[in-house]
Amino acid sequence: MSGTPPVIPTELQVYNSYVEDPKWQRKFSIIWGTAAGIAILISLPHLLRAIRSRRAFAGLFGVWEDWSGKAYQPVAASDERKRSGGSPGWKDRVRGVARIVTSALLWTLPGTEVDVGQMLIIIGYLVTVLVCITMKSELISNPNRAGFLALAQFPVVFLFATKNSLLSLLLGPGNGYEKLNYVHKWAGRGMFIGAVVHGALWIRNHLQYGLPILGQQKETSGVAALGVLCVIVLTSFRSIRRLCWNLFFVVHVLAFVAFYVTVCYHTIYARPWVYPPLAFYGLDLLMRLLRFRIKDATLIPVDHAMTIINVHDCSGGWVAGQHVRLRAFVSGRLFESHPLTIMRAPPSTSCLSPSSARGTLTLGARAVGDWSRELNAYARAERDRTSKGKELDGIDTTDLGADVQVMIDGPYGGCSVDLGEFESVLLVAGGSGATFTLGMLDDIVGRCVRLGRPNGERTKRIKFAWCIKSFGAIEWFAQPLMEIAAVAATPGSGLDLHVSVFVTCLCNPEAVPPIPNSDVRVGRPSIHKMLRDFVTPPCAPCADSVAKGASCCCAPDTAGTSTLSTASASQPGVLSASEKAAETKLEVEEEERFATECDCEAGDFDVPGLRWVGLGGGVAVCASGPERLTREAKNAVARIGMARSVALGGIALHTELFSL
C-alpha cells in the first residue's frame, strides 16, 4: 500500500507528559524572562543617569584604598548653572509624570511587607504558574505538569536570591538583592505549590491503584525531595527568621543542597534546570571573593546601645546609602556576618573629618542582638582598660575605643533616588535607621557645598527628621550631625537644612547637643503631616518673608536652636478624642486648600528655618527604620493627591527597611 499513514485524532491520542509538559516549561521561562526584560527597559533611563553621575556600579569590585597619599582636592563648579543647580527641563517633567503614576502603587497594608506594586508582581507570577500548571493538562491522571513547572522555577529562585546578580546591576542603583528578595520568597513558594500538587496527586494515584509509595529510587527520592522542600519553606516564614535567624540560615543553606541532590536522583529532567542556578550562584561567589576586604577598625562605644565602627584606610568604592556585611574578629564571632549601613559619604565628598589619613568607612551597630551586644560590651571593656591612668592625667577618653580587625563584604544596595535631582529633600529615620539618612545627608550637602554642585545638583532645602526613644540617643550621631549642619550653614551655600528630632520618652532631657538650625520635640511624628507641611507653599501674605527664611504666620513659633516642645501636655504623642477630630478636620481642610489657594486660617505648617523654593522642582523622600515607619512613608507619598504631585514636579521615594 502507498499514501499517507492514518493519523490518530487529537481527542483520541494518549497524553504524553514528557513531550507536552516541557513545552509549558519553556512558555513559563519566556513569560518571566520577557517580564524581566521589560523591567530592564523601563529602568534603562534610570541606569543611564546613574552612569553619567557615576553612581552606577559603585563598589562593583569592593572598597579600595588610596596608596598615593595625596589628599583629595575638590574641583569647584565651572559655571553658573552648577552653582545654582539649574532649573528643571522637559526630561525632568517626564520623570515627574512617571513618579506621579507609580506613586499610587506605594500603598502598603500592615503586616504584608509588600506594597501594591509588589503585590501585583507577586499575583502575576503566581497566576502565571497556576495557568501553566493547569492549562490543557490532565493533572488528576498525570500530575507531571506540576513537577515540571516546579523545576522551571529554579532559575527564578536563585536569580533573585544572590547578592550579586546581573539583573540588579541592570536595574540600576537602589535595586540590590534586599529589594528583589521578595520575588525570591514568592518564587520559592510557587515552586512549593508545584511540588505539593505533583506529589499529592502522585500519592493519590498510587493509593488508588494499590501501588507502593516507597521502594524504587524514583518514588523514594521524590518523597525525600518534597520533604526537604517543606522544611525549607516552613523555616523561611517571617516569625521563624526573626526568632531563630541562625537556625534559618543554616537550614536554608544545607537543605537546598540536599534538595538539589534528591531532585536530580528523582528525575533526569531536573538536570537542565540545575545549571542556570549553579551559574548564578557561582557568579555570586566570585563577585563576593572580589569584594572581601580585611581592614583595621576601631570600635567606639557611644553608650550601652550604640557602637560606632570606624574602618580605616577606605578611600572609596562605595556611595552613600550602601551597606556592607561585617565580620569582627572578636569573641569567637568569626563566622557571623551582619549587614550594617555606611553612615557617611566617600572621603572625596564627605563633610565629616576622617579618622584615618587614607579615609574612613563608618558604620553604626545598635546593641539589639547577641552579636551587637557582645561587640558593644567588648568595646566598652577595652576602653575601660586602655583609659586607666589617662583620666588621671586629664585626657579625654570618650573617643577611645577598641582596635580590632574586621572583614567587610560589599558594598551592596544603595539609594534609588538621586537627591541632587530634586529641589526639596525630606529624610526620615527611626532609631538606628538614621545611619542611612545620615549618609545621604552627608552626600548631598558635600556635593552641593563642598564640591560646588559638580553635576548640576538642584537641591535647595533639606529637612532631616529623626525619631528616637530617649534624649540620650541623640548622642549616637550628634557629632556628625553638627559637622554636616555647620557645612550646610556656610554663607553662600544656597542650601537650607533643618534638623528635627522627635523623642518618644521623657528621660534625660538635658542631653540635647547644640546642632545648628534644629529642634527637639517630645512625641511620635506623623509622616503624612510632616510631608504635607513640607510640600505646602506659604500663604500669600507670608510669601516674601518665608522666601527670606522666616516662618509662615500659620506655623507655630519654633524658631531657634535646639528648642524643646511637647506634642501633648498630658502624655507624649497621645491625643484626646477631640484633638484627634480636630486634627482630622484640619487635614481635610488642608487637602482642599492646597488644590485651590493657600489660606492663612487653615494649616499647620511646621517647617521652621526652611525657605520656600517654589513648585515644580520635585521632592525626594527617603525613609529608613522599622517596618511601621517605612510603611507610613509609602502611604504618605501615595496619599499625596494627583494635583499636588503635578504641581510639585513629582515625588520620588526610597525606603530602607531595618528588619529581618
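The backbone N, Cα and C atoms fix where each Cβ goes, and this holds for glycine too.
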Residues flagged as transmembrane segment in TrEMBL, choosing from 186-203, 474-491, 636-653
186-203
Return the stretch with the most CB pairs under 8 A relative to the transmembrane segment (116-136), choosing among 30-48, 148-174, 186-203, 223-240, 247-268.
186-203
Counting only residues 6 or more past its boundaries, what in the same chain has a CB within less than 8 Å of a CB in the transmembrane segment (148-174)?
17, 21-22, 24-25, 28-29, 32, 36, 39-40, 43, 46-47, 50, 55-58, 60, 129, 132-133, 180-181, 183-184, 187-188, 190-195, 198, 263, 267, 269-270, 273-274, 276-277, 280-281, 283-284, 287-288, 319, 321, 412-417, 654
